[in-house]
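Data first, discussion second: the structure below is written as structure tokens.
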Amino acid sequence: MATKLIKHGSKAREQMLEGIDILADAVKVTLGPKGRNVLIEQSFGSPKITKDGVTVAKSIELKDKIRNAGAQLLKSAATKAAEVAGDGTTTATVLARALAREGNKLVAAGYNPMDLKRGMDLAVNAVVEEIKKSSKKINSQEEIAQVGTISSNGDKEIGEKIAKAMEEVGKEGVITVEEAKNFSFDVEVVKGMMFDRGYLSPYFVTNSEKMVAELENPFILLFEKKLSNLQPMLPILEAVVQSQRPLLIIAEDVEGEALATLVVNRLRGGLKVAAVKAPGFGDRRKAMMEDIAILTKGELITEDLGMKLENVSIKSLGTAKRVTISKENTVIVDGNGDKKNIEDRVLQIKSQIAETTSDYDKEKLQERLAKLSGGVAVLKVGGATEVEVKERKDRVEDALAATRAAVE
């Protein structure tokens, strides 16, 4: 069993404060729009340049156990600020250090620590109320850009790109940040629903130059289980062939004989078809397939409700204006779902977001909400070197989190 180092009283507090000071001094230089960058050595690859307080805090581990305990205590304040607001981590660190320092002085002077804690709670509540009174709603695109600019260390381009992305997909839309393969910084907007599953066979590709399968005005079959035999599907396949429209199959998986038969039909030109795996896992996969069904005005074929493939009619299939499938992603554009049904589904997901206590579940529900209600915007961050790209990407992520918090 590992031995424990036990210390009491003022000496222990002083050593913990030394650890708090070491971490706070490293973090505080990044404070505000005029804050400076910090260079962090990494165990592999190039050094990391960042102006993000929590990134600096997370990189610090002290050899002395008591000092390190103080540093970790302060680190938890920065981490919590990052989780809740996504930004303001340096401010949280500086304030937490001040509370610890001044609190220690009063404890040393004989004040009751619990009375001090109660006083701090009262002060926090009073300050929060005053901040709420002086706050203002962020509505216009110009104001959104200003928040992003300030949070990104005065980079106007970052602020403007975030504002543009929010305008395109809405304040609740999915906005992701990726590294670009060139020098530019662009906003790429995908209208409709995108999920991270690509075609199950490259033989489904219709555009060999772009290596994508493009289906115009397709029917969409949603099946909850695996497809390994197409025999039960023959009636619906014949109906689709007669309609002379393409077919997209979304199922848990399409394998073996079923996949081979679809590929052969595709190559012979008898049926314009593509198959993809359903997004997500378990209950979340079923919920996402139900989302797609509502978006495309189709039905999720599930055996739990006694539905069988051989009994499916063409009326049970969803439809969309266009579907584009790459090796990694599927995009359903302009689904023909009923607007009222989509709005009801959006309200249902919002209700689930309000009720859940899990951060992970909340994030996944918000992704589903955005896919249904808006679209997907990708901020592609480029630069001359890997270090520059990563530093700018960090600032974009910080600015995006701050802007999201501002428009809530």
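Each residue, glycine too, has its Cβ placed from N, Cα and C.
As recorded in Swiss-Prot, the features of this protein are as follows:
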BINDING   Thr30, Leu31, Gly32, Pro33, Lys51, Asp87, Gly88, Thr89, Thr90, Thr91  ATP binding site
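Residue environment of Gly32 (ATP binding site) contains 11 other Cβ atoms, counted within 10 Å of its Cβ in all protein chains. Cβ neighbours of Thr30 (ATP binding site) (same chain, under 8 Å, six or more residues apart in sequence): Arg36, Asn37, Val38, Thr50, Lys51, Asp52, Gly53, Val56, Thr90.
Long-range neighbours of Gly88 (ATP binding site) (same chain, six or more residues apart, CB within less than 8 Å of its CB): Ala81, Ala402.
DSSP assigns Thr90 (ATP binding site) to a helix. Taking the Cβ of Lys51 (ATP binding site) as centre and 10 Å as the limit, one finds 22 other Cβ atoms among all the protein chains shown. According to DSSP, Lys51 (ATP binding site) is assigned to coil rather than to any helix or strand.
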